[in-house]
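Student: Before we start, here is the structure in question, set down as structure tokens.
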Amino acid sequence: MHAMDKLVLFILLLTLGICCYCNDVITTVAQGKVRGKKIIVLDNTVEAYTGIPYAIPPVGKLRFQKPRRLLKWEGVHDATQWDIACVQAPVANLTKKVFKRLPGGEDCLVLNVWSPTKTVDLKPVVVWIHGGGFNYGTSVHDVFNGSVLAATQDVVVSSINYRLGILGFLDADVPEAPGNVGLFDQALALSWIQENIHAFGGDARRVTIMGESAGSMSVHAHILSPVSDKLFQRAIMMSGTMYSIDFIDTTHESMIKGNAVARAVGCATDDTDLVSSPVQVLNCLRFKSAEELCLVSSEVGSPSIFVFLPTFHNEFLPKRPISAMQRGFFKNVDVLTGVVTEEGTFSAVYPMAPAEILDEDLNDVDKETLKTAVRRMVGSWLKYEIPEMVEYYEEAAYDDKQLLRRKNVERLGDRAFYCPNIQFATHHAAPGNKVFSYIFAHRSRKSVFKKWMGVPHSLDIEYFFGLPQVYGEQSTEEDKRMAMLTANIVGSFVKTGIPSLGNETVWPTFSGGHQVAIKLQLDDLQEVHGYRHEQCELWKNYF
């Protein structure tokens, strides 16, 4: 690293409360030696290793196939660059700020590790799985930086990349494209962690997997899957479960989408498709650029923004998730799970909605235009509409435009997040597993989101990572206190299996007969009973 580059890096990290030694540190894992760097975070030393490969690059003939373990590398692998993303479709407008845009590629199966000062005793491990609807995202994002959590909670933190979109979730029901390879990527990364995390001071017997949105759905998938047996002991699920009907497909649905892409790029015809000639079509698709396949996928999937999704009745998910949960086919692990107060409002910025429907007062839009726009906005997250449920939510609005918008985003929140979360928690707790539920309600006074949006989907991530503690003037004192509270919740759960609120308050366990959650807000922690119960009783019929 040149002297000027070091100076720029030092200044950048200093503004975030993270100071870089720029001293290299070398650790030996089963595959070879890996070079990281030492950094100072809130007066604690952390070793950071970013961009460690855990699989053979899934390119050429390996595209669409399950990942293959990387056995060895030559020399010392440089794990000091944090800039690798899996290829994905372009995103627009504010979404660029939500998902950090990096040059994407297929050689992207890497993981990151942040380790506090090593001691004789091995430390608990947290593994982060990013969200993005299984089609977008990367572990390389500022709000996924695990250094603060490692420094303040004395745990080893890891985060992982996995294949996305058509490259990660095309299911052609053949070994060449078995579906769910993005989830297989995650499982292989977890296996790598089992094999190697001790080299970073981590305890492979105390691994907690943690994710948000599609990352949380992935965590649920691992709880269900026989592929992930013995790879983790606890789970943290933030805003997402496999009960969400809009984020899982049948093999048939996946093949329909795959055929649409194959036709668009000249790999399928009326006589040759993924049903009749899967190997031939897949061979053709392997000669197309990954960027083209992802772009065409987003075009043929429109207006839905989440095109290729996990599938079931296969090796990774042998049963439909809802049926598996009802019949007890899942791992008995303790779980911390929750939501934010305004999950559905995130649809206004992902993808970006028209400016006039983002305004607080809605003075510049008439009711019918608004109704069409908000239905389209919410619908971009859904596989299909349920007319009677649209009517149920909208009839409460009458002629109130703000209430009409509010009810539509509540419909998305209930359908995709709140009610699936309650169903998951109820079934998972039934055999005696400890389930702790939360509702994140803290809104920063410096929030960039409109007031009507409240606390949107994903806004809790940076707090659970403890990051506002190092944001300087970018965060308020209240933000810093909330970050300390939520990071401590993560740390205590990872270490003991019981989340701590930092006082004498005991966090009650959730059950079907005692549906209780802790509302996380500064100086006013509350027990909430039966959250969204009336609405979720109606949604039961559709799950």
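One is the number of the first residue shown, and numbering goes on along the chain from there.
Glycine too: its Cβ is placed from the backbone N, Cα and C atoms.
Automatic, uncurated: that is what TrEMBL annotation is.
Features from TrEMBL:
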{"type": "ACT_SITE", "residues": "SER213", "note": "active site, acyl-ester intermediate"}
{"type": "ACT_SITE", "residues": "GLU343", "note": "active site, charge relay system"}
{"type": "ACT_SITE", "residues": "HIS457", "note": "active site, charge relay system"}
{"type": "DOMAIN", "residues": "26-539", "note": "domain 'Carboxylesterase type B'"}
{"type": "SIGNAL", "residues": "1-19", "note": "signal peptide"}
Student: In whole Å, note down how far the CA of the residue listed as 'active site, acyl-ester intermediate' lies from the CA of GLU343 (active site, charge relay system).
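Tutor: One finds 10 Å between the Cα atoms of these residues.
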Student: Compute the C-alpha separation of HIS457 (active site, charge relay system) from SER213 (active site, acyl-ester intermediate), stating it in Å without decimals.
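Tutor: About 8 Å separates the two Cα atoms.
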Student: Using DSSP with the three-state reduction, classify HIS457 (active site, charge relay system) as helix, strand or coil.
Tutor: coil
Student: Taking the Cβ of GLU343 (active site, charge relay system) as the centre, how many other Cβ atoms fall within a 10 Å radius?
Tutor: 27
Student: For a quick check of packing: other C-beta atoms within 10 Å of the C-beta of SER213 (active site, acyl-ester intermediate), how many?
Tutor: 26
